[in-house]
Amino acid sequence: MDHAVKAMSARGWWARLVARRRFESAELEELYARYACKLQRASVSSALALWALLAAALAAADATRGWNTAPQVGILSAHAVLCGVLAWWCGRSGGVAPERRLPRACWLALAGGGAALAATLPCWGPGAPAEGATHVVWAVFAAYALLPVGAPVAAAFGILLPTAHTIAAALVAYRFPYHVWQQMVANVVVFVCVNVVGALMHSLMETAQRRAFLDTRNCIAARLDMEDENEKLERLLLSVLPQHVAMEMKNDIISPVEGQFHKIYIQKHEQVSILFADIVGFTVLASQCSAQELVRLLNELFGRFDQLANDNHCLRIKILGDCYYCVSGLPEPRSDHARCTVEMGLDMIDAIASVVEATDVQLNMRVGIHTGRVLCGVLGLRKWQYDVWSNDVTLANNMEAGGEPGRVHVTQATLECLGGAYEVEPGHGASRNAYLRDHSVQTYFIIPPPRRRKMCLSAGVGLGSGSRRKLSFKNVSNVVVQLLHSIKFNVDVPFSNMAASPQELKANAARKVLDLRRALHAEPGSAEALRLAALRGDDVSAAPAIPAPVPADPAAPAAAPQHHTFDAVMQHHALRTHPTNKVTEKFKRPLKKRHSSVYHQPTNRVNKYLAQAIDARSVHREKATHVHLLTLCFKDAEKEAQYRASTDGGWAGSLGAALGALAAAGALQAAILPRTTILLLLFVTAFAWSAAVLALTLAARLRLIPCDVSRPFALRNAITTFTIVLGYAVGQVNVVTCREIDVCRNLTENMTTMADIRAKSGDVAAALWSSGDHRACPVPLYIALGCCLSMLTVAVFLRLPILVKGILLAVMTAGYIAVMLAYHKDLFDCYDIMTGAGAGAVGSGSAACAWTLLLALGVLLHARQTEWTARLDFLWQAQARDEKRDMDALQASNRRILFNLLPAHVATHFLDNQFRTNMYKKLILF
């Protein structure tokens, strides 16, 4: 299913963090990869550039160290070049698609990072376990937070690198045998904390991004489904009302105008032609057909007339029993309106003639036409019905009543508009109708053009030849319906043409012609007749028997095959026949499953729409259009308020991660840094605060308490900021208490050469470790690692605004750099002496400051990317919701109009999800 995300091996908490999350649909997973890579391309390029800068800084620092560092400098320099090239490759446009380019670049960067780690292992230097730990922390953080790799890959990288570093430190521990186990424990605490917090960040980011992506897709799917339903509704509405009236009503409903009176939808048209037509012989037909057969036949026949009206540019107004009337010249004026109505009348007579030719039923059409002016529209507030009114409409109605079967009866006004296009003869309508006689109306009959007379003549020859078998009246309903389908028409299943291709229409037309010919010539009860009846869905067992034709005289010469009227019409219109059984069967399925083509299947259709949206949207353009560059706040105040009002589903997890980082910071301080009373007080206070806030949040999520402190934007940010500040204070305040090391200064004040430093380094280290001062900081590199834990606390709160994060990171970085570079510079100089590095141009203090600054930039880059991604996801969701809301409003207006035109149960019959192919009919006794 598209709407499910599966996670592999997710039994324990760690397994759930590092499990590979994927959509069950491969197509949707590919779309998500494209979407994520498009969002992260710029941030990946920046992260790789930052990693290149870090590698270059480490190479420069190692080049000035006291021991032989040529291999290290070479490896780090190569890694810096690799990351720089990859950053350029990811940032350039064109070439390999981003969804394939970014994973390759990330794999290469991780491989290069693993190789660069070999250059920072303790085995290259004095053997202190702290050496290279900062680079491991950066690499693991980058794998989890900055590079778009899967959680299993990031977890494997985050475990292998610290493991390799720990093993290397243990193997060379003899080189620096001072408090080795304390350093190893501190390293493990930091490595575990970075992995757990990094995995949690990765999980929160991916879960939120996948959820937002899926919500956006669901909104698009709902919008497309509603668009289909609305199109169905609108087309049904347009089958009841003319388009111009329906559109005007919808606009007034969507944007109502206050007024004392309701708007009247009435228009005046000066030059239109009105056609009235009546079926002659309908009474006899009604007396010999069942109600169901009669209604079905009229539905097919009037549906055929509706198509003829559309072809002849006429607008059908109403059907009254067996009377059909339409108007040409509405809603747009036409200069040939009279000719259109005459052609419409002749086509109607031809259609009835085809029925007469194929059956023994005596039916005909009486058509009357008049040209004049009308008022048209709808009246009232309920149950609207489009109609036309004027004396000219009354006259046209009487023209039909005063006509003759099989003739088109026109007035003098209509004849003048025809401009001599047709031959006419006097109609003498006054002799047959009192209204025409009282108003002295001059009438005429249209003489059919030669092509129509030729078709009628061939039909007459065919009827008299005896070469065709007549069908009995009892079987007329099915055959007439089949005949009308074959002529040109298949009663429109609403919107069936949306799923049929021109090739299907052509093939179905040819097949329909063959089926009709077989049906008309098949013997009753034969296998062919039964097969065709089954295909039509008729009840074969209940079908009335068709009498066999009288055999022709064997002595009579074989008659040449005749082209009858319905054959000619079928051949003339075959290529324009509407879709038949195959398409109809599709539309018997529910609306969401009826389309047969791949594009119209709901899953593929939504995914293709989503793919087009992903390809068409420009992340940089949307950022410039919708948000401020510095703060990333929306320029639209309403959208910003909506974004701030949205809940942060990962806040409880972030609090848990912050609590874990706080515990790791306390363990690090207790293991290798000063153990003071102020450390204990700050740690207990921060831990109690974080635990209390987490407990309140979880209680609110479990509905144990009514208030949720995570919902208000300002309160949530205030609590988050205070939690981060407390965690920062635990590490920062304690390291300030580190005491200056007198023994180190006394022993090294007379050392001027590197040889003296290396000769006395062991004595300095032994004196320092034997001093027993609990405020001593023999390995000040852990001050920088403590800073790392404080910055991870900032990174783990994904919804904290970028401006607040920037201020916090700036304060932390400035505070730690001030401590390391100014206040405790002697500690780093002493450490360089103990390790035999000497006071190089770039000492360990300067390198730690540079690493701290680069880590702060990395956390800031991660914060900017996560907030922009969250805001872009929100923007896409908001736009999809807005479009869906607009479609809701449009659908509501359509439904309001439609339910004001049709009874509610009739409208529901055609609008429910079970697609209807049959007309609506119901027998009511009263």
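Cβ atoms are placed via backbone N, Cα and C, with glycine included.
In TrEMBL, annotation is done automatically, which means it is predicted and not curated.
In TrEMBL, the annotation transmembrane segment applies to 180-201, one of the ranges 158-179, 180-201. Below 8 A, the CB atoms of the transmembrane segment (807-824) and the transmembrane segment (713-731) form 3+ pairs separated by six or more positions in the chain. Here the listed stretches are 42-61, 73-90, 180-201, 649-672, and the one with the most C-beta pairs under 8 angstroms to the transmembrane segment (779-800) is 649-672. Against the transmembrane segment (649-672), stretch 678-701 has more CB pairs under 8 A than any other of 42-61, 73-90, 678-701, 713-731. Per DSSP, the domain 'Guanylate cyclase' (273-400) is made up of 60 helix, 40 strand, 28 coil.
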